[in-house]
Amino acid sequence: MSSLLPPLGAVLPELLLALSAVVLVLIGAIQGEKSANLVNGLAIAALVAAGVLVMLQPAVTIAGFNGSMLVDPFARFMKVVALLGAAVSLIMSVDWLNRAQQAKFEYAVLVVLASLGICILISAGDLIALYLGLELMSLSLYVVAAINRDSVRSTEAGLKYFVLGALSSGMLLYGASLIYGFTGTVNFAGIAKVATAPTTGLVFGIVFLFAGLCFKVSAVPFHMWTPDVYEGAPTPVTAFFATAPKVAAMAVFVRVAVEALPHVTHSWQQIVTFVSIASMALGAFAAIGQRNIKRLLAYSSIGHMGFALVGLAAGTEQGVTGVLLYMAIYVVMTLGSFTCVLAMRRDGRSVETIEDLAGLARTKPLMALALAALMFSLAGIPPLAGFVAKYYVFLAAIQAGLYGLAVIGVVASVVGAYYYLRVVKIMYFDEPAEAFDGMPGELKAVLAVSGLFTTFFFLAPTPLIAAAGAAARALF
């Protein structure tokens with residue numbers, strides 16, 4: 001069903017987020033800094049409401065604005081996951097903003113605007129909508145990275161992200177212009193009809209477009225910004241960076257590859273396979289020497305994007321199902337891990353080295369138990385959620401005949417398990433360090449839910465797997 005103006009229900013989540021951003025700016029402008037907590041609460045409510053509206057949308061494909069915006073089961077699944085990541089990262093930031101004297105109403109507004117960009121990006125049906133959504137998301141993220149103006153690290157993180165982000169946006173735009181030049185259309189469905197053979201110009205366009213998207217998912221070789229920005233940005237901001245924007249970028253990566261370029265699969269499959277192998281290898285080996293837990297999680301996220309891309313490299317419906325399942329489980333594991341990093345405070349000051357977790361099992365046994373479950377899950381140890389996610393992407397690769405890619409993925413998982421297990425060893429077997437400060441209630445709730453989800457997901461995986469399968473079918 002295609003039309004110039006889509007039914008109101010199809011764009012209601014985006015309209016709600018846009019309206020919320022305007023209202024929140026007005027509240028902040030009228031009430032000043034004292035409105036920060038109110039604006040934060042309303043922003044969380046807006047993100048949750050947008051997620052509920054997405055879930056209430058009918059399970060049909062709607063193409064609005066002459067195909068520029070697609071609302072289908074795939075977009076709905078990824079929007080729910082991304083909005084969940086955005087809402088939870090805002091919940092995690094409430095206590096930090098007050099403790100760090102960073103209670104600025106602009107923070108929540110920027111997260112809402114970034115979430116609007118994320119929703120537009122996930123629903124993009126042509127290259128122009130893709131670029132507009134990407135820039136709305138990116139411009140908000142550049143400011144959020146440097147939100148703590150009193151911190152040199154935060155300012156440096158924002159500047160690095162801005163400079164490299166601008167470069168990647170330029171590459172993406174150049175790739176999009178090449179694809180348009182060689183196909184005569186920007187619409188994904190139109191590109192699919194015209195791009196039936198891998199001409200040189202088209203392949204160059206795909207390379208540049210994918211390079212820009214690789215930057216957004218922090219895949220090798222466009223990962224350089226990730227460790228520095230993750231370490232330098234405030235922890236709640238890092239939690240947001242590591243979840244919602246990556247879900248959006250991975251969604252558009254999958255949509256462009258599968259929907260716009262189905263007849264040149266072999267060309268983009270080689271690119272995705274190389275990026276996947278390089279990301280898994282770097283994520284596994286570079287994290288081994290890390291002492292800062294945020295840098296460790298940064299390299300870990302690079303590796304996990306490599307694992308997710310294994311499913312896309314397969315180029316099949318099963319592969320895309322694996323990608324969707326992987327991203328959903330990755331978001332929960334990552335939010336839980338960064339909750340623990342946020343809770344690492346002594347005498348009101350944040351500590352970030354792995355050694356600071358020494359003996360945590362004796363000083364904070366429940367926090368240690370939850371973090372151990374998350375680390376085992378990130379390592380892909382059965383029967384935890386992380387294992388289920390890896391199983392599905394590797395199975396898709398094997399079914400598609402990519403045996404080498406699956407073997408490299410398993411080896412990278414084994415190597416990567418070392419640094420996750422080292423964290424568990426330090427928590428349970430080293431002499432206790434000084435105890436951390438008490439954990440705020442909202443962090444306890446996030447940690448409990450993420451820990452329980454990763455531990456007991458294997459008992460009832462069917463609903464999420466079925467939802468991911470239905471979403472993947474919409475693209476084929």
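The backbone N, Cα and C atoms fix where each Cβ goes, glycine too.
Database features (Swiss-Prot):
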type     : residues : note
TRANSMEM : 10-30    : transmembrane segment
TRANSMEM : 42-62    : transmembrane segment
TRANSMEM : 77-97    : transmembrane segment
TRANSMEM : 108-128  : transmembrane segment
TRANSMEM : 129-149  : transmembrane segment
TRANSMEM : 162-182  : transmembrane segment
TRANSMEM : 202-222  : transmembrane segment
TRANSMEM : 234-254  : transmembrane segment
TRANSMEM : 268-288  : transmembrane segment
TRANSMEM : 323-343  : transmembrane segment
TRANSMEM : 368-388  : transmembrane segment
TRANSMEM : 445-465  : transmembrane segment
Quiz item: Does the chain bring the transmembrane segment (323-343) near the transmembrane segment (202-222), so that three or more CB pairs sit under 8 Å (pairs 6 or more apart in sequence)?
Solution: no
Quiz item: Which listed stretch (202-222, 234-254, 368-388) has the most C-beta pairs under 8 A with the transmembrane segment (445-465)?
Solution: 368-388
Practice problem: Give residue numbers and ranges for long-range contacts of the transmembrane segment (368-388): same chain, 6 or more residues beyond its ends, CB-CB under 8 A. | Solution: 300, 304, 325, 329, 332-333, 336-337, 340, 357, 360-361, 413, 416-417, 420-421, 423-424, 427-428, 447-448, 450-451, 453-455, 457-458, 461
Quiz item: Other than its close neighbours in sequence, what residues sit by the transmembrane segment (234-254), given a CB gap under 8 Å and a spacing of at least six beyond its ends?
Solution: 74-75, 78, 81-83, 85-86, 88-90, 92-93, 96-97, 100, 102, 111, 114-115, 117-118, 121-122, 124, 130, 133-134, 137, 141, 144-145, 147-148, 151, 154, 210, 213, 216-218, 294, 297, 301, 305, 308-309, 312, 320, 323, 327, 330-331, 334-335, 338-339, 341-342, 350, 475
